[in-house]
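Below is one structure, written out as structure tokens; the observations come after it.
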Amino acid sequence: MPEEDLVELKFRLYDGSDVGPFQYSPTATVSMLKERIVSEWPKDKKIVPKSASDIKLINAGKILENGKTVAQCKAPFDDLPKSVITMHVVVQLSPTKARPEKKIEKEEAPQRSFCSCTIM
């Protein structure tokens, strides 16, 4: 594939740092981009995605769908020669399963005493 057909992308993380730029074929899918981001993610960050499903990519204000190709996601103004397209990365970690809370039996519950005051 000729080099001029490749699309150069960089990915802006939540703290303003970048991953990339990398060159991709216009037929590469968003899912492939996410896998690359996860593998190249800086290990010193506080938030680290565990899988590609923890990441959302945004380009030109739109959340990109996994099945779309790079060519389908490019905005019309991205056709500038030799320009690097910046896509924003949002990390949404999968919710962890909450541990079931231990139910306190009525007999085990501590007794609470109440008092009331009456002002006459």
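FYI, residue positions are counted from 1 along the chain as it appears here.
Cβ atoms are placed via backbone N, Cα and C, with glycine included.
Swiss-Prot has this to say about the protein:
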type	residues	note
DOMAIN	7-73	domain 'Ubiquitin-like'
LIPID	CYS115	S-palmitoyl cysteine
LIPID	CYS117	S-farnesyl cysteine
MOD_RES	CYS117	cysteine methyl ester
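Its Cβ placed at the centre, the residue listed as 'S-palmitoyl cysteine' has 4 other Cβ atoms within 10 Å. Broken down by DSSP into helix, strand and coil, the domain 'Ubiquitin-like' (7-73) contains 18 helix, 22 strand, 27 coil. Contacts of CYS117 (S-farnesyl cysteine) defined by a Cβ separation under 8 A and a same-chain sequence distance of 6+ are given as none.
Note on the domain 'Ubiquitin-like' (7-73): mean pLDDT across this stretch is 90.
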